[in-house]
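See structure below.
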Amino acid sequence: MKRAFLGEFEEVVLLTVAVLDESAYGVTVTQEIEQKTGRAVGFSTVHTTLQRLEEKGYLSSKMSGATAERGGRRKRFFSVTAAGRKALVDVKSIREQLWDALPPQTLQLMGG
Amino acid sequence: MKPPRWASTLLDWWGDPNTVEEVQGDLLELYAYWVKTGGERKARWRYGLSVVKLLRPFAKRKEAYSNPFFLHPAMVRNYLKIAFRNLVKHKGYSGINMGGLAVGMAVAMLNGLWIYDELSFNTYHQNYDSIAQVTERGIRKEGTRYSGTSLPYPLATELKANYQSYFKHILISQQPDDYILAAGDTKLTKKGQFIEAGAPEMLSLKMLRGTWAGLNDPHSILLSASAAEALFGKADPLDKLVRINTKMDAKVTGVYEDLPHNTGFHDIKFLAPFDLWTSVNPWVKEQQWDNWFLFIYAQIQPNTDFDRVSALIKDIELNKLKGLEGQQEQIARQPQIHLLPMRDWHLHGHYNMDDTGPVQFVWLIGLIGVFVLLLACINFMNLSTARSEKRAKEVGIRKAVGSLRGQLIGQFFSESFLVVLLAFVWALVLVTLSLSWFNDVAAKQLSVPWTNLYFWLASVGFTLLTGFVAGSYPALYLSSFQPVKVLKGVIRVGRFATIPRQVLVVLQFTVSVTLIIGTSMVYRQIQYAKNRPVGYSRDGLLMIQKKTAEFSGKYELFRTELKNTGVVSEVAESRSSVTNITMWNGGFSRKGNEIPCPNGCGTLSVTPEYGKTVGWEFRAGRDFERGRTTDSSGLVINESFAKMIGLKNPVGETLVWATNWRKAETYTVLGVVKDMVAMSPYEKTVPTVFLMENYHDWINIRIHPNVSTAVALPKIEAVFRKLVPNAPFDYKFADQEYALKFAAEERIGKLAGFFAGLAIFISCLGLFGLASFTAEQRTKEIGVRKVLGASVFNLWRLLSKDFVKLVVIAFGIATPIAWYSLATWLQNFQYRTEISWWIFAVSGAGALAITLLTVSFQSIKAALMNPVKSLRSE
């Protein structure tokens with residue numbers, strides 16, 4: 001079966017959701033990416049990516065946890081589906097295969 | 001410390017409704033975080049930016065499946081392909097649909113062209129809007145109104161002297177007549193008009209040679225192109241000499257393009273100055289207010305209108321007549337001078353103002369055209385609705401696999417538009433092919449205005465309308481079906497679904513049957529009038545008009561010479577031809593009692609042999625006798641006149657004839673002859689007296705009954721060539737002239753017959769389609785019935801019954817309509833046939849027979865089908 005394509009930012013978002021486990025929603029995902037990667041991420045970008053990943057079936061979501069801070073509005077919590085996990089594993093194994101295929105001297109030159 | 005209001009509002013309105021709740025919450029939380037980490041200004045900025053990016057146009061998720069727009073080129077191509085396949089698959093239906101529609105459209109187009117021609121009569125003239133003919137309106141003793149164009153000479157001088165400022169032209173003219181044009185050795189008879197010099201300009205003649213000023217010289221003549229070519233061939237006609245009626249010399253000063261067929265002047269082939277005519281007829285200018293014999297044409301100034309000028313001039317004649325002696329009868333008619341605008345000449349310019357006249361015929365033709373077209377449209381609608389039930393399943397499947405309603409509508413419409421468009425093309429072909437024939441029948445010169453924008457606009461508009469009307473039922477109704485119900489077969493078309501279709505069939509046959517009855521009646525009336533006893537013998541009766549002075553005083557010579565040829569049995573001269581009465585008078589009395597002549601009595605001068613020549617049939621008394629001097633004060637009267645005298649035997653009675661233009665004389669009635677039909681064969685015979693005086697315009701020649709015309713004519717011609725060498729030998733046959741009196745009605749008859757035939761043809765086409773459809777729909781039922789023992793006759797009756805019922809209803813509706821309109825039509829004729837019931841019976845039976853023939857073909861075919869096959873089908 002053809003592997004689904006996972007963009008770089010999609011991979012980052014998907015991984016972040018997996019990292020955050022139970023507490024992954026728009027705000028936490030945005031902040032986590034900012035802190036971990038140090039790059040300024042727009043909320044809208046994160047939001048649309050989450051939507052797209054859900055459309056592709058890698059994420060599932062449910063609404064809950066309204067707080068006063070949010071004006072009484074619920075959060076949409078995301079969790080990684082089986083397909084999502086498989087996609088992450090696939091990406092990781094491709095990376096590893098590629099790293100393993102690197103000749104040792106190139107690896108040394110890169111400072112690894 | 002709140003985020004910017006505008007951004008929140010924007011998100012409220014335009015955010016994606018599916019995610020707006022969590023997005024709003026998330027952004028609020030983040031705003032607080034951004035304020036903490038980067039300050040308020042930056043937070044507001046980031047908040048606003050995020051909102052804008054999340055608005056739907058930028059962040060909308062893509063739809064899972066998109067429907068193409070229903071007018072997308074790919075869809076249209078698909079519609080057409082499917083439509084075309086449908087047409088080819090059902091060749092029979094398509095043929096009926098298209099054929100019927102094409103015929104209907106062709107008829108409508110022909111009628112449209114005809115009506116356009118009638119309504120655009122005279123528009124060839126550029127001054128169409130300002131030209132008028134001066135007329136005299138009055139009321140007869142019986143109360144009917146008339147509008148005459150013959151006017152007294154002084155009226156023109158009066159108009160010119162006192163009212164010139166309102167007119168651009170006031171043109172006095174002799175009534176158009178046949179004249180002999182001679183140039184060198186060529187002699188021709190052409191119709192022409194002597195008219196004043198402004199005519200070419202007023203009529204905006206297109207001059208091929210010379211100018212509009214051509215008539216200013218009193219010895220000039222303007223020829224139409226056809227007359228010029230007939231006279232001079234290819235040679236340049238300008239400045240050539242033409243002699244008119246052997247006594248008026250004129251020089252050709254111009255040649256104009258022949259006027260088109262749809263102008264009032266189209267049969268005028270030359271124009272010559274009025275003064276040329278008066279130069280040889282000096283009496284004209286001496287005439288007073290009591291002689292009505294001239295035409296006056298006028299063009300009004302642009303700053304005034306017909307009504308205003310008419311109001312100013314209306315009493316001119318009445319005022320003059322009041323000053324004259326002996327005009328009480330004329331004054332009693334209240335004559336009013338009136339301008340008849342050119343736009344009314346053709347359709348509203350007839351003499352009897354109370355008759356509806358030719359305009360009625362125009363509307364009648366229009367109505368028939370509309371009806372025939374309606375019949376074709378009904379076919380189209382009926383067949384598409386009947387077939388549409390079959391297509392319900394198709395709609396179900398299409399919807400199930402994802403068609404939208406708009407696409408289905410598009411598909412059904414494109415199908416009907418395709419059919420209508422093809423039918424339109426066929427109609428154009430039909431019109432082109434049949435136009436020359438139609439022109440023959442209708443006595444027109446129509447042509448398809450290929451380059452006329454309005455023609456195309458009307459055609460395209462009409463095509464679209466028909467396509468829309470015919471396609472709207474399947475398009476709008478069928479496309480609304482729910483696929484689940486249709487596919488499960490839940491939608492059952494109830495028994496009332498066929499009612500509109502039945503109503504339409506009844507309408508079709510009502511129109512057709514009415515037309516059939518009407519046509520039969522028109523033919524019957526014509527036949528009735530043709531069979532009318534004419535009172536004289538038409539066969540082998542030759543008439544020659546004495547057009548020039550050359551003829552005068554040669555009667556005896558002619559008679560002996562003609563009789564010497566051996567092919568002529570008798571020769572006589574007369575005032576009128578036998579098919580006309582050209583002299584009307586009143587003023588007869590017997591013993592002081594006036595003999596009332598309602599519209600004047602014919603007073604015709606003849607030579608003694610006239611009775612023998614034309615074949616008078618005597619009821620009483622005797623004919624004139626040559627050599628009996630007392631006969632010069634004798635009268636032969638016809639039966640109608642005898643009836644007015646009121647005596648059982650008027651022979652030998654003494655009558656007095658006194659009019660204001662001749663001195664009173666007494667006459668003795670010598671004989672009574674059977675009525676001769678001289679004027680309209682549909683009207684009462686005109687009371688006529690024949691007397692022996694000496695003003696004759698015609699020579700009547702009776703060819704010997706044993707000699708054929710072909711043998712006789714050359715011999716007669718030789719005599720004329722010898723005695724009147726300068727006059728062309730123009731002869732007329734009495735029977736042909738008489739037949740011309742039927743031309744108008746025969747034209748109506750032919751046209752009506754043609755339309756009635758097409759109407760019934762189109763209706764039958766539709767019926768044929770419907771019958772085959774029902775037979776097809778009831779295949780199973782027929783199969784079961786056959787298995788259970790129904791005979792072919794039973795089945796035939798079953799299938800035909802419905803249609804016969806409809807035709808019978810249609811006949812019931814058509815009968816009173818036809819009866820009423822025919823009764824009205826027959827009122828136009830004084831000599832008319834009765835409306836007999838058998839015409840209705842025969843027409844009804846005929847319609848029924850045609851229906852049965854049409855339907856039976858299908859129903860017998862269905863009834864003969866093998867039930868094994870029909871029950872196995874599925």
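Cβ atoms here come from the backbone N, Cα and C positions, even for glycine.
Unlike curated entries, TrEMBL annotations are predicted automatically.
According to TrEMBL, the feature domain 'MacB-like periplasmic core' maps to B:94-315 (among others).
Annotation source TrEMBL lists transmembrane segment at B:95-116 (among others). Counting only same-chain residues 6+ beyond the ends of the transmembrane segment (B:95-116), those with a CB under 8 A from a CB of the stretch are 362, 365-366, 368-370, 372-377, 379-380, 383-384, 419-420, 422-424, 426-428, 430-431, 434-435, 438, 442, 444, 446, 448-449, 458-459, 462, 466, 755, 758, 761-762, 765-766, 768-769.
If you look up TrEMBL, you'll see B:361-383 (among others) marked as transmembrane segment. Within its own chain, the transmembrane segment (B:361-383) has Cβ neighbours under 8 Å at 93, 96-97, 100-101, 103-105, 107-108, 110-112, 114-115, 118-119, 347, 416, 419-420, 466, 469-470, 473, 501, 504-505, 507-508, 511-512, 515, 748, 751-752, 755, 758-759, 762-763, 765-766, 769-770, 773, counting only residues six or more beyond its boundaries.
Mapped onto DSSP helix, strand and coil, the domain 'ABC3 transporter permease C-terminal' (B:367-483) counts 98 helix, 0 strand, 19 coil. Annotated domain 'ABC3 transporter permease C-terminal' per TrEMBL: B:367-483 (among others), in sequence order.
Summarising the annotation, TrEMBL assigns transmembrane segment to B:417-438 (among others).
What TrEMBL lists as transmembrane segment is B:453-478 (among others).
The annotation transmembrane segment is assigned in TrEMBL to B:499-523 (among others). Among residues of the same chain six or more beyond the transmembrane segment (B:499-523), those with a C-beta under 8 A of the stretch's C-beta atoms are 368, 371, 374-375, 378-379, 381-382, 385-386, 745, 748-749, 752-753, 755-756, 759-760, 762-763, 766-767, 770, 803, 806-807, 809-811, 813-815, 817-818, 821-822, 825-826, 835, 839-840, 842-844, 846-847, 851.
Annotation comment: TrEMBL describes B:508-717 (among others) as domain 'MacB-like periplasmic core'.
Here the transmembrane segment (B:751-775) has long-range neighbours at 92-93, 96-97, 99-100, 103-104, 107, 365, 368, 371-372, 375-376, 378-379, 382-383, 386-387, 441-442, 501, 505, 508-509, 511-512, 515-516, 518-519, 522-523, 782, 799, 802-803, 847, 850-851, 854-855, 857-859, 861-862, meaning same-chain residues at least 6 beyond its ends whose C-beta is under 8 angstroms from one of its own. Sequence annotations record features per position, and here TrEMBL assigns transmembrane segment to B:751-775 (among others).
Residues annotated as domain 'ABC3 transporter permease C-terminal' in TrEMBL: B:754-867 (among others). Looking at the domain 'ABC3 transporter permease C-terminal' (B:754-867) alone, the prediction's average pLDDT is 87.
Among the features that TrEMBL reports, transmembrane segment is placed at B:803-823 (among others).
For the transmembrane segment (B:835-855), the list of distant contacts is 509, 512-513, 516-517, 520-521, 524, 760, 764, 767-768, 771, 799-800, 803-804, 807-808, 810-811, 815, 818-819, 822-823, 826: same-chain residues at least six beyond its ends, Cβ to Cβ under 8 Å. Here TrEMBL flags B:835-855 (among others) as transmembrane segment.
Residues 101, 105, 108-109, 112, 377, 380-381, 384-385, 388, 391-392, 395, 408-409, 412-413, 415-417, 419-421, 424 of the same chain lie 6 or more positions beyond the ends of the transmembrane segment (B:453-478) yet place their CB under 8 Å from a CB of it. Applying DSSP to the domain 'ABC3 transporter permease C-terminal' (B:754-867) sorts its residues as follows: 96 helix, 0 strand, 18 coil.
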